[in-house]
Amino acid sequence: MMDIYVCLKRPSWMVDNKRMRTASNFQWLLSTFILLYLMNQVNSQKKGAPHDLKCVTNNLQVWNCSWKAPSGTGRGTDYEVCIENRSRSCYQLEKTSIKIPALSHGDYEITINSLHDFGSSTSKFTLNEQNVSLIPDTPEILNLSADFSTSTLYLKWNDRGSVFPHRSNVIWEIKVLRKESMELVKLVTHNTTLNGKDTLHHWSWASDMPLECAIHFVEIRCYIDNLHFSGLEEWSDWSPVKNISWIPDSQTKVFPQDKVILVGSDITFCCVSQEKVLSALIGHTNCPLIHLDGENVAIKIRNISVSASSGTNVVFTTEDNIFGTVIFAGYPPDTPQQLNCETHDLKEIICSWNPGRVTALVGPRATSYTLVESFSGKYVRLKRAEAPTNESYQLLFQMLPNQEIYNFTLNAHNPLGRSQSTILVNITEKVYPHTPTSFKVKDINSTAVKLSWHLPGNFAKINFLCEIEIKKSNSVQEQRNVTIKGVENSSYLVALDKLNPYTLYTFRIRCSTETFWKWSKWSNKKQHLTTEASPSKGPDTWREWSSDGKNLIIYWKPLPINEANGKILSYNVSCSSDEETQSLSEIPDPQHKAEIRLDKNDYIISVVAKNSVGSSPPSKIASMEIPNDDLKIEQVVGMGKGILLTWHYDPNMTCDYVIKWCNSSRSEPCLMDWRKVPSNSTETVIESDEFRPGIRYNFFLYGCRNQGYQLLRSMIGYIEELAPIVAPNFTVEDTSADSILVKWEDIPVEELRGFLRGYLFYFGKGERDTSKMRVLESGRSDIKVKNITDISQKTLRIADLQGKTSYHLVLRAYTDGGVGPEKSMYVVTKENSVGLIIAILIPVAVAVIVGVVTSILCYRKREWIKETFYPDIPNPENCKALQFQKSVCEGSSALKTLEMNPCTPNNVEVLETRSAFPKIEDTEIISPVAERPEDRSDAEPENHVVVSYCPPIIEEEIPNPAADEAGGTAQVIYIDVQSMYQPQAKPEEEQENDPVGGAGYKPQMHLPINSTVEDIAAEEDLDKTAGYRPQANVNTWNLVSPDSPRSIDSNSEIVSFGSPCSINSRQFLIPPKDEDSPKSNGGGWSFTNFFQNKPND
């Protein structure tokens, strides 16, 4: 090899030198190089040399070195291998490998000389342990087996550790393959140690898939880690493959069968079938299929839940068949809890425990228990179905002679696992006795009895502590503890004393050991009545004098059971004085009263109770009662069920105090009960089952002296006050316009139910059928309340009321226990007559005063009133007849009323008063209203009669009245006032003397009708009396024109005359100015006369 290296280096050196010298001729150099290389190759093929030396070891003792032969050599090549070490050694070989002993640390020169037909060649190598590889021999599987029930593979092989000089660590790599396609399922490592000898190794693996489902393959290899070897360490080759396959031997097609697994685990089921599987179910759930070899399939279940007690079905369905199995998912046994061992009779030990969590496995898969006693090595087993939750298990273990301490171990096992619990006990301290039986009671005397019972077991070595329960009727139970020594025959006896004679007792008993572990259960109850004895005390006595004071009544109370000591048959009553002793015949029970006729001497009364055994000591009481003049009745109130009575200490009281009480409604002598209190006491609480709330009781406190009893205090009271049950009965005694006097009666004591504290009187306005006063305590401002705290007051006057008003009155009584019901009444106050008179007089007086003042004012202002409201000359502007519509008057030229146009009246109608002048016979004043036909009045109710007025022109004579009428005539409203203002007729004498004195209204002229020429004097008189003067000469007027409507048509509604007139008055529109003109004497009444001034007024 070194020669080859030299040969290769030489041409390179020559080429390099030639290149340096002849760099100019590149082509020539290249050709020369190729030629020399080819020559060198041919030369090398001819000579050759060994190369690629490689050394390995598989046991660290021998190195197996090999190299590659020179090229072109054949089988006839020999090799000489020389190793340069402390002593040169050479080996002649005909092959390319050599086994040499392992060399120590350091570098070694290896020379390999090859001898062949072409010659020889030599190669030198440097060999060191670091260039050596440690490759273990290929391992061999000795055995591969399977447990198909558990789907477990078991592997066995030999590590050949005897060939290794040193202790080494070995890593084994195990590969598990599945199916014919050899899919990798598991690759694990297994560590062992080489210890200088051949060792068999075992490895097992539980498949997640039943081994029946598919073929499984296993192969292994190893890796040796030696601390003393510095070379390269490599894996060995894989061992030959071993396989496991299932050979069908039954009709079973689904695996695994009846598998028990842990809840929450994953499991694979498979179906080995020649038919195609269509579906798979676990319970009611479909599962996806996993295809294996052929038609075999599998399903994977993850995190399986707890199954029912009968298991969970797994079903595979093919076209023609159904195959299946059952799976049981549960838990391993829990550690036994509350393990306890005790004994009832020191013959058997009972160990009990709580199994803890339910495993959900029953039947053959249920948990089995084994109780092992380690000192003796004995054990007992329990195998049973799974217990319900919280149920305790028990195992009986027979006690061993002369052994008191036991060490128990309780083992629990089921297909999923194991658990255990231990306990160490001294059994004599863990005794839980049986329930005592055959419990009996027998009399010893009236105050002692004997108890006997049976307790199974041999307790001769221990002592018992027994508790006896003693209970009397209506009394607190009593416990007594007794210690007794244990016996072998199980019969026990004990005596009880300090009992009461003639008393019904109830007994029961339970026992425990003196060291105490547990009480036994109580025995059955046993009732027993003790025997009688003489009464231990005399009866409690009291006496009362009869109402006539001649007989003394003696009372006594029945003796309580604890003092009677038996059934009382009779009583002996006797009375004695300094002079004599008097005894009564025996008084049979249950009579507790006797009456003796005594005089006023002092006697001592004795009462003795007797039963079948003997008599009681006598009870004595004095008959004399010491008077007490300074005695007041007091009030007391109880507190709940009793009443507290107190008094001052009195050293004169030598014996005791007696408190007597009774219902106050009972007749004399009053006695319900009594109580005696020691003489050094100053208070007591009286309680009785007969006390009732709201009932008044009388209490009497007596003090005892040698010579008799003295009444110290007299009290009335209630155990509890209540509100009255009835309302006070009240009436109205008197009623006035502003007050009401009411009076009420006392409430009976039985209905009062407490001490009366006052009355509440409500009053307010209200009617009988209204609800205004229904709620009395609502705080209404219109309801007044009077609180009457003086209970002696029986009347009340309510003042400041309104007259003729209805009032609602309510009266209620109250105690400290509450307010009683109400009694109501409605009362109406009387009417106030003074007020009525005043109410009438005041308006009348006001009216009179107003009238007088008005009259005085009117009289003083009569001139102003006349001028203002009714002047002598009315203002035409105020005349209603002249108030025309402005628009009509201004907008029409046909209206010519009061216009100064020349016209000649056709006819004049004169309205005048009666006078001395002759009347015009053929001239009449026509009232248009009166003469209007009824049908026209209905058709035109608002039409007015219009008369024409036109002041004549003196200078001009109108020849043609018709033309004037045709030209238009002014019209004036005319009203007939003749009947309204007709004056009273005067005697003819007065008429002759004053022909015009009664005229009220005068027309513009007054002309005689019969003669056109009158006496001048008469004419002057007429002029003087006339109230209105026409503006023109009256002599020129035509009174009646031949062409007037009146002369033409007597039924015409149009009446015309020359002078205007007022339609609302009969006075002259223009009165005379001279003072000498005669004045109207008021021949007729008119409104103006009311305002005329009288000169004599």
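Note: Cβ is positioned from N, Cα and C throughout, glycine not excepted.
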Swiss-Prot annotation, disulfide partner of Cys213 among Cys222, Cys270: Cys270
Cys65 - recorded disulfide partner, Swiss-Prot, among Cys55, Cys82: Cys55
Listed as N-linked glycosylation site by Swiss-Prot, one of Asn243, Asn1010: Asn243
According to Swiss-Prot, the disulfide-paired cysteine of Cys511 among Cys466, Cys575: Cys466
Residue numbers, six or more beyond the limits of the transmembrane segment (834-858), whose CB comes under 8 Å of its CB atoms: 737, 803, 865
Integer mean pLDDT for the domain 'Fibronectin type-III 2' (335-434): 89
